[in-house]
Each structure stands twice: as C-alpha cells, then as structure tokens.
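Peer 1: When I checked Swiss-Prot for this same protein, it listed these features:
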type	residues	note
BINDING	189, 292	Fe cation binding site
C-alpha cells in the first residue's frame with residue numbers, strides 16, 4: 001500500500017538573508033507561545049523590543065553561513081527528504097518547516113487534496129521540548145481543525161535514547177574521533193529552566209542535585225535536560241570514550257532568564273584554561289547543520305576557543321543526509337504510534 005505519507009518537520013529558516021525576511025521569520029518564531037511562554041501582551045512587547053536590533057544581527061550571521069542553494073538547514077533537510085524516499089515504502093515523503101516555508105499547513109493541505117488520510121508526523125528533534133516537539137504537534141492539530149481535514153496521524157516520539165539514533169550518531173562521528181583530540185564537547189541547544197520546571201509532573205525532581213540520571217520514567221519523558229544527558233551518556237558508552245574526556249554543555253541562550261547550565265560559551269573558556277588544545281564539538285540536539293552549529297559553534301565558538309588559549313575547535317557535522325541516518329530514521333518512523 002502507498003497511501004500513508006511521511007511528513008518530516010524541522011525548525012525552519014528565513015527565506016533569505018535580507019533583514020526583512022529575517023525579521024519576519026524571527027517574529028513568527030518568537031511569537032510562538034511554546035517558545036516564549038509568557039502572556040501574549042508581554043510576549044508581543046518583548047518580541048517587539050527584540051526585533052529592533054536582532055534582525056540585522058541575525059541577518060549578518062545567516063549571510064556568513066548561507067549556501068548558494070539557500071539556507072543550510074533547508075538544503076540539508078531536503079536532501080534528507082530525498083534519502084528517505086528510498087527508505088519509506090508506504091507513500092510520499094514530504095518536508096515542512098515549523099516556521100517559514102514550506103509550512104505545515106501548506107503541506108498537510110496538499111496531502112489532503114491528494115487524498116492521503118494517514119500521515120506519520122516526524123518532528124526531527126531527538127529530545128523532547130515544548131518549544132520543538134509540542135509546537136509541531138499542536139500546529140498540525142490546528143491545521144486539521146481549521147481546514148476540517150480528515151486525517152489520522154502517527155507521531156514520531158523523541159528518540160534520544162533509541163538504538164537507531166545512537167547508532168547513527170556513532171557511525172557519523174566515529175571518523176572524527178579516530179583522529180587525535182583532547183576533549184569532546186557535546187553542545188545541546190539550551191532551554192530556560194522554567195520550561196523544565198513546568199514539565200516535571202511530580203514537582204520534586206527538576207534540577208535538584210543530579211536528578212536527571214536518576215529520575216523516574218514519568219519525569220524523564222518530558223525532561224529535556226535528562227534526555228540530553230542520557231543521549232550523551234549512551235553515545236559516550238557506545239564509543240568507549242572515558243570519563244573526563246567528554247562533557248556536556250548548552251548553547252544559544254536568549255535573554256536574561258536562567259537557562260540550563262553549563263553554558264557552552266563558559267565551557268569553551270574553561271576547557272581552554274584547563275589546557276585543552278584540540279577540541280571536538282558535536283551538537284546532538286540538531287539532526288541538520290544550521291546557524292546554531294555552523295555560525296555559533298563553527299565560527300564564533302572556534303574564535304572564542306582560540307582567544308581563550310585553545311589551538312583548534314573542530315565542529316563535527318550533524319547527521320544531515322547521511323544514508324545510514326536515513327535508514328535508522330525510517331526504522332524509527334515505522335513504529336511511530338497512532339496519536340491524533
């Protein structure tokens with residue numbers, strides 16, 4: 001049967017590096033209540049203040065990593081889409097972005113018009129967060145309601161500890177670890193701490209001591225930090241990397257609120273001060289290289305590390321469109337449970 005579509009969903013990107021396009025993208029992204037989780041009037045005020053200077057700054061950053069074909073994240077996601085067409089045997093493989101184009105609404109509407117009633121929704125985020133996974137699911141629900149679409153959805157669950165994901169990481173990163181290096185830093189995207197507190201169903205575990213490695217399953221199921229730490233530990237164990245030669249940090253802090261620590265910026269300085277000369281950095285929260293990996297780590301992070309006394313920071317590419325990753329992702333999608 002070929003009546004079951006697969007919809008891959010990633011974050012998105014501005015349409016171009018023009019300031020106006022970047023402003024439009026940032027406005028859509030930051031006004032999402034799952035991203036900035038404060039009441040609408042305050043969120044509108046805060047985002048309006050951010051949009052005074054941030055679009056020009058971000059446009060410059062995007063321009064520094066933009067490819068001839070377009071946004072690296074979009075280009076790489078399209079390549080993964082093509083690779084998945086060789087693996088998914090049940091119907092078409094489509095790609096949507098949560099922000100920007102092609103939108104979830106555009107793609108779901110087209111699939112409905114083509115007669116598809118079964119869709120596997122695949123948010124391309126290994127670890128759970130409301131600002132990534134939940135917002136994708138809720139947007140799909142909104143579209144179905146608004147358009148009165150007759151569709152059933154299976155939803156790919158966070159796969160932070162799944163053997164397929166860990167194996168794909170291992171095979172992708174292994175060649176880089178075969179070269180001499182002093183330390184491996186696993187830099188995950190950060191989140192405000194309040195996002196974690198809100199999602200602790202017990203109200204007893206979040207950020208208390210090192211609860212992430214001992215919390216019960218019901219807590220871990222919605223704890224981004226716990227899932228990041230467990231992803232890192234599973235990867236290091238599979239690779240046989242000794243304790244002390246790898247560590248975890250969190251990047252991309254926005255605003256003044258307390259975010260998950262340790263911050264990647266601080267960790268880069270600490271590692272250089274500890275005598276680390278050759279540093280490898282991988283970003284396991286991202287399945288495709290993007291501004292947060294290429295510019296924030298590969299450019300600015302590398303410069304910061306050298307200024308702090310290090311000699312070389314090597315950014316390990318994300319999974320991107322690696323054929324082995326496509327095979328493993330297909331296995332994950334095949335067993336996505338029916339949810340919507």
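For all residues, glycine too, the Cβ spot is worked out from N, Cα and C.
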Peer 1: Please list, in sequence order, the residues in the chain of residue 189 (Fe cation binding site) that are at least six apart in sequence and whose C-beta is under 8 Å away from its C-beta.
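Peer 2: In sequence order, the residues whose Cβ lies under 8 Å from that of residue 189 (Fe cation binding site) (at least 6 apart) are 250, 251, 252, 283, 285, 286, 292.
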Peer 1: Once the DSSP letters are reduced so that anything not helix or strand counts as coil, what is residue 189 (Fe cation binding site)?
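Peer 2: Going by the DSSP assignment, residue 189 (Fe cation binding site) falls within a strand, counted as strand.
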Peer 1: Including all protein chains shown, what's the count of other C-beta atoms within 10 A of the C-beta of residue 292 (Fe cation binding site)?
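Peer 2: A count of 19.
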Peer 1: For residue 292 (Fe cation binding site), just give me the three-state DSSP call.
Peer 2: helix
